[in-house]
């Protein structure tokens, strides 16, 4: 059994404790090796411009196939409504045992990474995958340990993701042959049946969303950036509402594009990379993100290549949910360490598909609580399996599929943070104007960015009823 690649670092915790007996094991392989493995295994091809391009059997998340083990730890602490579906420990153990047996003799990839840039609050995670491209995605998206940290790496959480393993709903107690099961007592996530790489990061996001509130830390589905004067802004929103785009502002330094924690001293990124939606992306409107789609090391998910092998970002024939996964270092204007101070502005993004909401509104504390709990927006085509038209949705906390606790816990914690910090709260419409989707037009990026910049300086703007 091969246990190392040329650039691999020997971690202190391999995978024998799980009973896994792979035919070949790649521990912490680097970018060059993962390109070679992904191409050899037929997972993808290298675009003429450099990125690794892949196609997946599912082109979005599968929130209806996600389950949490109900046991003594979670029975009273998880909100068993909406997206939080219970499953028994026996079902989890049975599926894990079947996965371990299925993986025997197969080729596996392991990345040892951190979730979180704050050394005090991060968690070390062991990500075991069947696909080389998933391993590159994980390397891009999570925080990579130093060589010294790898020498003594001890994972607190483990993710085992084998897309070719499919559950039998009649036997295994799942909804379909796809499953994402979270076990807080065993500190483990197992997944099968889906190649969509976003499940890897969202699974751990859900773990942090459960763990951090108990420490007084507000976990957030938001992007964050910081101005020259140190003023931090947060952008809450569902997938496709503009979090990544607006946070990558040439005039401000990027902290992160999707997942953050708010402590008593500031904010920190949960990730080490970005996962940008790139359909119809242009170099003129979004030069920083566009450039990542041309870089070696980037993973392009479900992006079509033209005859010359160049990514065609305007082609949505596979899905509207085309994605670019890249290390945050590919963005030139980033905040060192991906941490910032106490936020001064909190922006709620909503992609109103009906042309009703105003472009910019300042919210009162009561309005903030209402908007955060209701989380009105529209699901954008492609971000979830089966969503082909914008659909009005009320996603609590701007991330209901990832929030294991009761929404009230998150709302009270956010209200406490906002009150203590004196941050201003805004509602910005990134959706349609002049009519609904298909009739009007979407707010231009430049206009939306100007609105969000205005919010940083509009101290004179009082809250208004919306």
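Even glycines carry a Cβ here, placed using N, Cα and C.
According to Swiss-Prot, the features are:
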BINDING   61, 196, 202, 323  substrate binding site
BINDING   202, 221, 237, 238, 239, 240, 241, 242, 243, 244, 245, 286, 323, 448  ATP binding site
BINDING   202, 221, 258  Mn(2+) binding site
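Mapped onto this structure are the features recorded in Swiss-Prot.
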{"residue": "61", "record": "substrate binding site", "Cβ within 10 Å": "21"}
{"residue": "196", "record": "substrate binding site", "Cβ within 10 Å": "23"}
{"residue": "202", "record": "substrate binding site", "Cβ within 10 Å": "23"}
{"residue": "221", "record": "Mn(2+) binding site", "Cβ within 10 Å": "26"}
{"residue": "237", "record": "ATP binding site", "Cβ within 10 Å": "26"}
{"residue": "239", "record": "ATP binding site", "Cβ within 10 Å": "27"}
{"residue": "241", "record": "ATP binding site", "Cβ within 10 Å": "27"}
{"residue": "245", "record": "ATP binding site", "Cβ within 10 Å": "24"}
{"residue": "258", "record": "Mn(2+) binding site", "Cβ within 10 Å": "27"}
{"residue": "323", "record": "substrate binding site", "Cβ within 10 Å": "28"}
Looking only at C-alpha atoms, tell me how far residue 245 (ATP binding site) is from residue 258 (Mn(2+) binding site), rounded to the nearest Å. 11
Cα-Cα distance maximum in Å, computed over every pair in 61, 196, 202, 323 that the record assigns to substrate: 14
Could you measure between residue 258 (Mn(2+) binding site) and residue 202 (substrate binding site) for me? Cα positions, answer in whole angstrom. 10
Closest of 196, 202, 221 to residue 241 (ATP binding site), Cα positions, binding-site residues only: 221
Just to verify a number: CA distance, residue 202 (substrate binding site) to residue 221 (Mn(2+) binding site), in angstrom, no decimals. 10
Which of the binding-site residues listed here (61, 196, 221, 323) have a Cα atom within 10 Å of the Cα of residue 237 (ATP binding site)? 221
When the Cα of residue 196 (substrate binding site) is compared with the Cα of each of the binding-site residues 221, 239, 243, which one is closest? 239
For residue 239 (ATP binding site) and residue 61 (substrate binding site), what Cα-Cα distance in Å is obtained after rounding to a whole number? 11
Which ones in the same chain are close to residue 243 (ATP binding site), with CB under 8 Å and 6+ residues apart in sequence? 222, 223, 235, 236, 237, 257, 258, 349
Where does residue 61 (substrate binding site) sit by DSSP, helix, strand or coil? strand
Looking only at C-alpha atoms, tell me how far residue 221 (Mn(2+) binding site) is from residue 61 (substrate binding site), rounded to the nearest Å. 15
Simplified DSSP label at residue 245 (ATP binding site) comes out helix
On the three-state reduction of DSSP, what should I expect for residue 237 (ATP binding site)? coil
